[in-house]
Every structure is written in structure tokens, then in C-alpha cells.
Amino acid sequence: MEDEVVRIAKKMDKMVQKKNAAGALDLLKELKNIPMTLELLQSTRIGMSVNAIRKQSTDEEVTSLAKSLIKSWKKLLDGPSTDKDSEEKKKEPAISSQNSPEAREESSSSSHVSSRKDETNARDTYVSSFPRAPSTSDSVRLKCREMLAAALRTGDDYVAIGADEEELGSQIEEAIYQEIRNTDMKYKNRVRSRISNLKDAKNPNLRKNVLCGNIPPDLFARMTAEEMASDELKEMRKNLTKEAIREHQMAKTGGTQTDLFTCGKCKKKNCTYTQVQTRSADEPMTTFVVCNECGNRWKFC
């Protein structure tokens, strides 16, 4: 069953990428006949694919069925209500029930209210794994939330994924604030570094992982620059560290003075060289050379 849901999700994702939702209705009907579970919903992330189709499609039948599916799946995420909750709901005054959003939605002839509620339900599906961020009236914090949400909108990944970038931005900011407890320079620098890394064109996977929930907001709020770096940058840092270790080894051994090498910078022959085994034992050693005149360094195998 999981393979079937994954297959449908992949097809929908391709439709969103190609901006062609032809055949989406048939896929949605297939999903409707599949008994969905919470585990299946979380492991396949089918909700994101359905929400992306819902947002892109102009076919009323497609959007209506997508909304219906998302609404039914939302109940799985919320969990079953207890008997106590049911009893309390029965005891509520009739006037309260009539004034509730649910009652107004059922009795109202306006489709605007209904569509807004469905939109909220759909967006809630993807942030329900984490508690919603508390509201704030602090202007600095509100501005930071806006900037984080804007950074999450870099590219169009959030559309295909179906993530609520505004809520995610608020959750990230809330986690930062809860750790630092004020909006001083440390707080601003933390927010600024998150924004910079989310916008990094060379590191799109970081943004996608945050939008998909692979990196939770509270973890992302605490990540170091090294942890947020792209794979390319991590590899570069690793190589630089190795190089620094080799140079340190060369400095410790002192080296051998020679006139066999000519400095490419000052053309003098007053040099010191050291040989270090940097690769496997059956390969040639690497020779590190330092010019004693100008300090120029080079190496060769």
C-alpha cells in the first residue's frame, strides 16, 4: 500500500513541476479508495503532494476532492477525541454551537468562509507535527518572522512541498527567542545567519530539508554555521583542515635545507623541504618546500 501511495505522490510532484495537472483527478480518486493511516501519511508525505496539486489546479473538481482528502487526513493528525470531550461538547449551550465557526460554515451560503477554513486546514497539516508558534506584538520579532518566511520562499520549493512558510518562519524565530530570551545583537545575528543560509543558492538542500520537516524548526534554530554548510563547503573545510595538519607536521620536522629547488616567486634557491606521507603507503610521498628568502610555499608529489 505504501508503494502505491509513493507512486501517486511522485506522479503528482511531476505534475506540479511541469505545471500540468492533467490526470490529477484520477490520482486523487485512487487515493480516496486507499485506507489512510497516520504512519502512511507521515512516511509518504502524500499530503504535501496533494496540497501542491490543490494550489496549482484550476479544475474545481480537483481542488474540491483535494480539500476533502486533506480535511479527512487532518483528523488523523489531530487524533480521536475522547469521550470526555464529547460529553463536554454536548453540555455546551445551543447558542454557543450556533455561533461556532463550524456551525456558521455549515449554515452560511457563502463559499468564501468555507474555502478559507479549508485553506487553513490544509496548511495546518504540514505544521501539526510541531506546536504552533505563539503570537507576539514585538515589532522586532515580527519583522524577523517576516524575513525568515521570505527566506523560506526563495525559489519555489515551498509551493511544490506545500509547506506553510509563514508558520515555519514563526516557529524558527520562536525557538531562537526562547533560547536567547531577548532581541539583542546575539538574537539578531542568529536570525541573520539562518536567513543567509536559507537563501544560499549553492545550498538548496538545507532549505528543502527545513520546508519538508527533515530539519525541525527548533533544531534549525540551534544549528552552527558548520552544520548548515553545503556538502561542497564541508568538503572544502575538511581539505583545508588536512592541509593545515600537514603543514604543522612539516613545521615540526624542521625540514632539510637545499639549493635543489628554485622559488617560483623570488627565483632564489635557498629552500627547505620536508617529505610527508599524505596518501597510501605504496604511493610517492608529498614534498613540501618553503623558500627561506621570501616565505613562498609549494608542494609536489
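Quick reminder: no glycine exception, Cβ is built from N, Cα and C everywhere.
A quick note: this is a predicted structure, and the numbers were derived from the prediction, not measured.
Per Swiss-Prot, N-acetylmethionine is recorded for MET1. Neighbours of MET1 (N-acetylmethionine), defined as other CB atoms within 10 A of its CB across all chains, total 11. When secondary structure is read from DSSP and collapsed to three states, MET1 (N-acetylmethionine) falls in the coil class.
Annotation source Swiss-Prot lists phosphoserine at SER57 (among others), citing similarity to another entry. In the three-state DSSP scheme, SER57 (phosphoserine) falls into the coil class. Taking a C-beta cut-off of under 8 Å and a sequence gap of six or more, SER57 (phosphoserine) has these contacts in its own chain: ALA21, ALA24, THR63, ALA66.
Summarising the annotation, Swiss-Prot assigns compositional bias 'Basic and acidic residues' to 76-93.
Per Swiss-Prot, phosphoserine is recorded for SER81 (among others).
Swiss-Prot lists SER97 (among others) with the feature phosphoserine, giving similarity to another entry as the kind of evidence.
Among the features that Swiss-Prot reports, phosphoserine is placed at SER100 (among others), with the record citing a large-scale study or a structure entry.
Swiss-Prot lists 140-256 with the feature domain 'TFIIS central', giving sequence analysis as the kind of evidence.
For CYS263 (Zn(2+) binding site), other Cβ atoms within 10 Å of its Cβ number 20. The Zn(2+) binding site feature in Swiss-Prot is assigned to CYS263, CYS266, CYS291, CYS294; the stated evidence is sequence analysis.
The average per-residue pLDDT of the prediction over the domain 'TFIIS central' (140-256) is 87, rounded to a whole number. Within 8 Å of the Cβ centroid of the Zn(2+) site, not counting the listed residues CYS263, CYS266, CYS291, CYS294, the chain contributes GLY264, LYS265, LYS267, LYS268, ASN270, CYS271, ASN292, GLU293, GLY295, ASN296. In sequence order, CYS263, LYS265, CYS266, LYS268, ASN270, CYS271, ARG297 make up the list of same-chain residues 6 or more apart from CYS291 (Zn(2+) binding site) whose Cβ falls under 8 Å from its Cβ. Around CYS294 (Zn(2+) binding site), the same-chain residues at least 6 positions away in sequence with a Cβ under 8 Å from its Cβ are CYS263, LYS265, CYS266, LYS268.
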